[in-house]
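Database features, via TrEMBL:
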type: DOMAIN; residues: 44-350; note: domain 'Peptidase A1'
type: ACT_SITE; residues: ASP60; note: active site
type: ACT_SITE; residues: ASP239; note: active site
type: TRANSMEM; residues: 367-388; note: transmembrane segment
Amino acid sequence: MILYLLFQLISAYVKIDLLKSTPNHYNKHLRNDLLINNFKNMQYTGIIKIGEQDLELLFDTGSSIFWVFSNTCPSQSKRASFDCQSSPNCLMTQEQYNVQYGQGEIGGNKAFDQLQISNNMTITNFQFLIVNSQSNIDNLRADGICGLGLQEQFGFNSLINMLYDQNLIKKRVFTFFLNSIPEQINNSSVLFLGGYDTRYMSSDVQYVKLDKSDQWSVKLNNIQMNKKVLINDVSALIDTGTSLIVVPTHQFTQLLSNLRDQYKQFCQYSQYQIKCSCPDGDFSHFPDFEFNLEGDLKLILNPNDYIYMDVSVCVLAFTKSSNNYWILGDTFIRKHITIFDIDNKQIGFAKLATFEKQSKQIQINDYLYIFKVVCVCICVAIALIWIIRQVSCLGEASHEMYK
């Protein structure tokens, strides 16, 4: 009884303490989070169950279609595939569609089935594409793509919309934390559905309105290299499905020239990235890139954010394309908590909390929970011992009476 009262007192104290330090928008129970796997800082994937089959999908804000490989589709990239006939609720239609990507294409049939995220979110009658043909997407290390873009295609309802329509989330918002330390389990990347978690943040959220209604695109007032303007007035797509920072060709040429001329670097474009000579392994003298968005929001990438070493070569995470807009991929997104707000047509950015702070804040509730469970177990054990002793005493008393 004493231990039980002590347990109740501790529980009350913990509850009061957490309430004092918890912001109103803090997602205490994290019921809508999905852990994401990091493949060499190049692709971020997570497990989603369709029917009874677990599939690992790439999360892509640059496209809108949710699709998975069919078990009949030839592909070197898939590790698993979806078999509609093995799923009791799967309905595959005769409607066929093709989807074009920057460097590939897929085709397949529209289908419906039950979809499950984590252990507590199940969407019924989810619509997706079962892919039976593909070309030039063998670099994809996943069983399909979860499109999180804004543009509606072929009448498909998006994952976020269906979560909202079936009352599984309260707001049409999703948030990415992408890590850059794949081997750190406690620092796993996370996709938050329906909100965000302030424990991952060290600043308030600053929002920027979209400059296109059908894309996660924002306007950049300018981009600077060490305070020198590289380009003015350009759109940028915030794309989790792209690994690098993609620059229009003519601006890419200017960027490369600046590295060579102003920073005296021997740099060349090779295998879709900029490679510079770094014989001493030191790249601290490379420039900072400052992205100035509307509302006086400045987001900065330091050399550590966009460079990795390959022996004595500095590899810069920039590539080029024929587009007339920039694509800010995972290299950029990793630097911030990034919030995609569908209802308000905006993207929010917040500074990351340090790894140590994240770990401490995220684990403290787990420790408290374990402590409370242990206390309950002790109380139950003591109660059982007391009951057994009482029953034993009653038995002995009855035995003495009948002697």
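Note that the numbers count up from 1, one per residue, in the order the chain is shown.
Note that Cβ sites are derived from N, Cα and C of the backbone, with glycine treated the same way.
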Most crowded position, judged by CB atoms within 10 A, among ASP60, ASP239 as active-site residues: ASP239
Inter-residue C-alpha distance, ASP239 (active site) and ASP60 (active site) (nearest angstrom): 7
Segment confidence, the domain 'Peptidase A1' (44-350), expressed as mean pLDDT: 91
